[in-house]
Amino acid sequence: MMQKQNMIVVNQKEIAKNIYELVLQGTLVQQMNEPGQFVHIKVAEGIAPLLRRPISICNVDQEKNEFTMLYRAEGQGTKTLATRKQGEMVDVLGPLGHGFPVEEAEAGQTALLVGGGIGVPPLYELSQRLVAKGVRVIHILGFQTKDVVFYEEKFAELGDTYVATVDGTHGTKGFVTDVIDNYGIDFDILYSCGPLAMLRALEGRYKEKKAYISLEERMGCGIGACFACVCHLQEDPSGHSYKKVCSDGPVFPIGEVVL
């Protein structure tokens, strides 16, 4: 159930170039039960920036009432958020959206989790939940260069983990699809989050597979009221049918929406 709460900053640190790990504490964490959901953050106490920032939920610890977000500080809003210090309060709205369907993966099956850039974080909580139910996980994490690689070791603790960098400075040179080809990776179910180009490449390969993708989209309200994040349905070539990424997604079955 969505709530709004002022949450306490437990810790914040830069873990890669311009990539920040922010841990917040509050009872709102008890509502975070679907990996792949996100929160809407008010990054400053004043009027500017006006709009909240959508950030995915990376890790949930309900015993401590803490959750972790990873985000890239690149615009005014996220750069402001990066200045928040331990003990300060952050206005959080969430959890929002529909997450990854963990129930679609069965014990004994192999799940392939593919993340690109800042689309990697929501896959971490998903991976933990899949492992807990007896699913074998394989991770492929794609980044531009070694300076922005993060959480490789954490994913490796859960299952086989491969990294691709576009410039070849770490792991496989190229894209996540190059890793799949190079290692002949097979799987029963696919979960992915990242840039559209990556999602399109995966959709082109795996239309017949059970697969789910999470879209990264700019949002206004985050609750389905402003229609700023709509995407069209593949089944309607007229373009008149659509779904909202914030409330109907951000996770969709592969082949449902136009990428």
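Each residue, glycine too, has its Cβ placed from N, Cα and C.
Among the features that Swiss-Prot reports, domain 'FAD-binding FR-type' is placed at 2-102, with the record citing sequence analysis. The FAD binding site annotation in Swiss-Prot covers Arg53, Pro54, Ile55, Ser56, Leu70, Tyr71, Arg72, Gly77, Thr78, and the record cites sequence analysis as its basis. The [2Fe-2S] cluster binding site annotation in Swiss-Prot covers Cys221, Cys226, Cys229, Cys246 and is backed by sequence analysis.
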DSSP helix, strand and coil counts for the domain 'FAD-binding FR-type' (2-102)?
12 helix, 49 strand, 40 coil
Only counting partners 6 or more residues apart, tell me which same-chain residues put their Cβ under 8 Å from the Cβ of Leu70 (FAD binding site).
Ile15, Ile19, Tyr20, Glu21, Leu22, Ser56, Cys58, Ile118, Val120, Pro121, Phe150, Tyr151
Cα separation, Cys246 ([2Fe-2S] cluster binding site) to Ile55 (FAD binding site) (Å, whole number)
11
Neighbourhood of Arg72 (FAD binding site) by C-beta distance under 8 A, where only residues 6 or more apart in the same chain count:
Asn18, Ile19, Tyr20, Thr78, Gly117, Ile118
Other than Arg53, Pro54, Ile55, Ser56, Leu70, Tyr71, Arg72, Gly77, Thr78 themselves, what residues in this chain have Cβ atoms within 8 Å of the centroid of the FAD site's Cβ atoms?
Ile41, Met69, Leu81, Ile118
Where Arg53 (FAD binding site) and Cys246 ([2Fe-2S] cluster binding site) are concerned, what is their Cα separation in Å, rounded?
12
Count the Cβ atoms, other than its own, that fall within 10 Å of the Cβ of Ile55 (FAD binding site), considering every protein chain shown.
23
Residue with minimal Cβ packing [other Cβ atoms within 10 Å] among the binding-site residues Cys229, Cys246:
Cys229
Output the one of Arg53, Thr78 that, of all these binding-site residues, has the highest number of other Cβ atoms within 10 Å of its Cβ.
Arg53
